[in-house]
Amino acid sequence: MPKRTDIKTILIIGAGPIIIGQACEFDYSGAQACKALREEGFKVVLVNSNPATIMTDPSTADVTYIEPITWEVVERIIAKERPDAILPTMGGQTALNCALDLHRHGVLEKYNVELIGASPEAIDKAEDRQKFKEAMTKIGLGSAKSGIAHSLEEALAVQAQIARETSSGGYPIVIRPSFTLGGTGGGIAYNREEFEDICKRGLDLSPTNELLIEESLLGWKEYEMEVVRDKKDNCIIVCSIENLDPMGIHTGDSITVAPAQTLTDKEYQILRNASLAVLREIGVDTGGSNVQFSINPEDGRMIVIEMNPRVSRSSALASKATGFPIAKVAAKLAVGYTLDELKNEITGGATPASFEPSIDYVVTKVPRFAFEKFPQADSHLTTQMKSVGEVMAMGRTFQESFQKALRGLEVGVDGLDEKSSDRDEIIAEIGEPGPDRIWYLGDAFRLGLSIDEVYAETAVDPWFLAQIEDIVRTEALVKARTLDSLSAAELRLLKQKGFSDRRLATLMKTTAQAVREKRIAEKVRPVYKRVDTCAAEFATNTAYLYSTYEAEHGECEADPTERKKIMVLGGGPNRIGQGIEFDYCCVHAALALREDGYETIMVNCNPETVSTDYDTSDRLYFEPVTLEDVLEIVDKEKPVGVIVQYGGQTPLKLALDLEANGVPIIGTTPDMIDAAEDRERFQKLLHDLGLRQPPNRTARAEDEALKLADEIGYPLVVRPSYVLGGRAMEIVHEPRDLERYMREAVKVSNDSPVLLDRFLNDAIECDVDCLSDGKRVFIGGVMEHIEQAGVHSGDSACSLPPYSLSQATVDELKRQTAAMARALNVIGLMNVQFAIQQKGGEDIVYVLEVNPRASRTVPYVSKATGISLAKVAARCMAGQSLDEQGIHDEVVPSYYSVKEAVFPFNKFPGVDPVLGPEMRSTGEVMGVGRTFGEALFKSQLAAGSRLPEKGTVLMTVKDSDKPRAIEVARTLHTLGYPIVATRGTASAIEAAGIPVRVVNKVKDGRPHIVDMIKNGELALVFTTVDETRAAIADSRSIRTAALANRVTYYTTIAGARAAVEGLKHLQNLDVYDLQGLHASL
């Protein structure tokens, strides 16, 4: 059936901020869908609260709303835009849940809007655990023995029933809440106490207060099938995926391999037929789904775990692994096409989309964790997802792609590095999976354990264990050799197994440089193969490439052109401190330079992103972003310029080495990047410009640090040099804390010194993004942070334009920014962080740090001002001046845009959610309003902090915050919210003549604050404490209780003031489209 003509306007719901379990794969699918539907002549309206996405670029959809994704707000957009249909399958769980809410509240009916891509019935049947189980039984597929519970009593009854059916004693047992994402709130319980804890949390987090309690399948094998089905019942399997880690670990936290490696042909056909039966029964007939299976290795019993009736993390992986654009195809199926009518773009239309992709290589995905940011979190892997990003690699064999993926992770390893030689530690680590288990598996074989012994501890399939054992055995042989004694054939064999130059250098006690020179001399070089969906049966016209070491005269398919090329280095895996914002910049660089007639080359290894989409750049190399891999590509392609300032710290770390190897880096020079990063050089630069910095010193030993600290005076910010995301930063108030820090943090510093800065109390922090062509400096935007200095800039909310600074201060910030940009000869982007302290009625400006690269605020500033800074800066790097691009005056919008950070604390119950100098947010949202208050309120709503319409507010603040707390209390009282406060705070509020009730601090006896939070007596909590370790520890129970009981809380007085500002706007919400806002500038 050709496309439908009865619908004209389609609303796409995005996925919102990046959280654990829902990352930038939905930006990739949403951007694809917008493109696909506009190609077909539909008008596309998009809503997404995340400004760091490509899909919210004003050019991606026809009308773009950066607004909170709640059904009430989306209803306003529907009323304004009157779409004919909603496509809810591109925005992950957020979009599905929002679409179901619209359905339940009668909004779809009221405005006569149809859901396309998946019907409410199909979504419900797939997402509602009980209905799904009944559907599976109906088509004769097994599912785990389980039951549904809506209360703790029911849950215990189900558990007892399963214990009787499975004769397993009833533990371990798995708990899965309905309609949540990435297994949120779920887990595995090994005893009754754990069971009750997990059930209570799960009931609370499930929007339908429903749990599925099921038998434990720990140790079973897990597989996924990516399936696409159309109205005519054409079905194709895009890709089979096998989890290296057995059941019991969320698939998002597992190492996965495609295509599945350990299935026999017969088993594969059984899974294939089963997955098609599942789609038919659930009723998915216009798009993609992923179906997860589990197989008991003992007796072959197969069961269906779950299916997602939408584009998912796995489908992004399958798209990148095969080159088959699932999201684009699913969007076209949703408007009536069938698979045989669509062409496969990769083969230039030589094959229809109804051909199943076949691949002649192996793909390995490895997750990236961020537990170093959450030392109190439980790092054991269970059914609740905890990873923050992932790396994908391709090779001709499992070993090659596996070792490439490990070095692409950027966790300080070059392959299967040694973790430990302590037998007890190794046995414990392989038995209880944590983020490093794969390296401990290598250590187990180094100890001499057999495959059977390791299998007994881990339940990892013996085929994978044999591959890992072989890598370890090979390493032992290499250790006994010298580099000179290796023949070309031996070296090639090692490279075919995926060993990196650096790993070989470590094993043979030499340098990576020496290994590289030997390789070049012996002509052992990689060849590049194309991803073509058809195992090279048809010619492909897209250059989507990966490296591999083949036999001596292996055919290289790179086939470089003679055009002028610019190469962009991507940011590698998502992590806290380096996320989608950097990918956004890389994509914009590729798009801008492509428009200008350069051939663009992208190098990256993150499968979730738009940058690794085969049609973002002219040529895509899906490779780890390491020196060895980048130098080989440069040698092949010979670009005229390489951009390193867009991918965050990942490419920057390579800048000096690349330059030393003759790679043409364009934009700000690596030497100047170093001048800004190196403490002593930067100090001299500021001194020459006559700019202020907080008093600071550099210490190289503990005793020296204590002496220097006394010179500056406490409180201090201490940190190692060269960090991103504030890793290992702390605010210390006394020598005792500093001693402890020096003992613990020297581990972090790799012989690099520790930096001490005077901490500026009660300062306002600001960010300025600017760009320069080497002559003129253009200010992109000045942002004022809402949280005070001392909260990491990535975790602070901020406003553009500033909401409280005087024009004179803003002008001074711009003057200082321009002076530094000139002194550093910046070509491209630069970001400066300032702190402003009031002394005697005057604003004193201090420079905190300068980053001569793209910063994480670039996408937000671009959305707020309507100028794509990353595009303009990329053109500057390629030699176009600002005048030639017609960029003259800074844009200061007449409306406010507020960016707010989003945190993963609900995934890590043990972690204290207090904000500090370490960055811990995973994503961001933006709110737009005519006033600062309106924009702020929307940013809170979008970040999931519900501001209550009524109810009691608790205030407990440190002494220095009391004057401002009185103002907050006065507004609350005027708005009609009753106030309770702890003794000290209450007497200050009372003295100002505002009614308040006194409550007990936790140490003053019961009933105290935490009891009130647990009993649901409080609607909002404002709690601020001194930055001392003791004060933070004392008050921790208030914050964790508020978090656990889902009471909205603010831990800074600035946040509290902002929240109260937002409370004034509860009733009247307006929605604004980006195109309309930009047109008004």
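Placed from the backbone N, Cα and C atoms, the Cβ positions cover glycine too.
If you look up Swiss-Prot, you'll see 1-410 marked as region 'Carboxyphosphate synthetic domain'.
Residues or ranges marked as ATP 1 binding site by Swiss-Prot: Arg129, Arg176, Gly182, Gly183, Glu215, Leu217, Glu222, Gly248, Ile249, His250, Gln292, Glu306. Residue environment of Gln292 (ATP 1 binding site) contains 21 other Cβ atoms, counted within 10 Å of its Cβ in all protein chains.
In the three-state DSSP scheme, Glu306 (Mn(2+) 1 binding site) is classed as strand. For Glu306 (Mn(2+) 1 binding site), applying a Cβ distance below 8 Å and a minimum sequence separation of six or more within one chain yields Ala126, Phe132, Val291, Gln292. Per Swiss-Prot, Mn(2+) 1 binding site is recorded for Gln292, Glu306, and the stated evidence type is sequence analysis.
DSSP gives Gln292 (ATP 1 binding site) a strand state. Swiss-Prot lists Gln292, Glu306 with the feature Mg(2+) 1 binding site, giving sequence analysis as the kind of evidence.
According to Swiss-Prot, the feature Mn(2+) 2 binding site maps to Glu306, Asn308, an assignment based on sequence analysis.
Positions annotated as Mg(2+) 2 binding site by Swiss-Prot: Glu306, Asn308. The 10 Å shell around the Cβ of Asn308 (Mn(2+) 2 binding site) contains 24 further Cβ atoms across the protein chains shown.
The region 'Oligomerization domain' annotation in Swiss-Prot covers 411-558, and the record cites sequence analysis as its basis.
The annotation ATP 2 binding site is assigned in Swiss-Prot to Arg719, Arg758, Leu760, Glu765, Gly790, Val791, His792, Ser793, Gln833, Glu849. Under 8 Å, Cβ to Cβ, and six or more positions away along its own chain, Gln833 (ATP 2 binding site) finds Glu765, Cys766, Asp767, Ser793, Val847, Leu848, Glu849, Val850.
A strand conformation is recorded for Gln833 (ATP 2 binding site) in the three-state DSSP classification. Taken from Swiss-Prot, the feature Mg(2+) 3 binding site applies to Gln833, Glu849, supported by sequence analysis.
Taken from Swiss-Prot, the feature Mn(2+) 3 binding site covers Gln833, Glu849, and the record attributes it to sequence analysis.
Look at Swiss-Prot and you will find Glu849, Asn851 tagged as Mg(2+) 4 binding site. In the three-state DSSP reading, Glu849 (Mg(2+) 3 binding site) counts as strand.
As annotated by Swiss-Prot, Mn(2+) 4 binding site applies to Glu849, Asn851. The 10 Å shell around the Cβ of Glu849 (Mg(2+) 3 binding site) contains 14 further Cβ atoms across the protein chains shown.
As annotated by Swiss-Prot, region 'Allosteric domain' applies to 945-1081.
Here the candidates are the binding-site residues Gly182, Glu215, Ile249, Asn851. The one whose C-alpha lies nearest to that of Gly790 (ATP 2 binding site) is Asn851. Listed in sequence order, the residues of the same chain lying 6 or more apart from Glu222 (ATP 1 binding site) and placing their CB within less than 8 Å of its CB are Glu242, Asn243, Asp245, Pro246, Met247, Thr251, Ser254, Gln292, Phe293, Ser294, Ile305.
For the pair formed by Glu215 (ATP 1 binding site) and Arg719 (ATP 2 binding site), distance between Cα atoms is given as 47 Å, rounded to the nearest Å. Each residue contributes its Cα atom, and for Arg719 (ATP 2 binding site) and Arg129 (ATP 1 binding site) those atoms are 48 Å apart. Around the Cβ of Ile249 (ATP 1 binding site), the same chain contributes Asn243, Leu381, Thr382, Thr383, Pro433, each under 8 angstroms and 6 or more positions distant in sequence. The Cβ of Leu760 (ATP 2 binding site) lies under 8 Å from the Cβ of Pro694, Ala789, Gly790, Ala835, Gln837, Tyr846, each on the same chain and at least six residues away in sequence. Counted with DSSP, the region 'Oligomerization domain' (411-558) comes out as 71 helix, 11 strand, 66 coil. In this structure, the C-alpha atom of His792 (ATP 2 binding site) lies 36 angstrom from that of Asn308 (Mn(2+) 2 binding site). Counting residues per DSSP class in helix, strand and coil order gives 67 helix, 18 strand, 52 coil for the region 'Allosteric domain' (945-1081).
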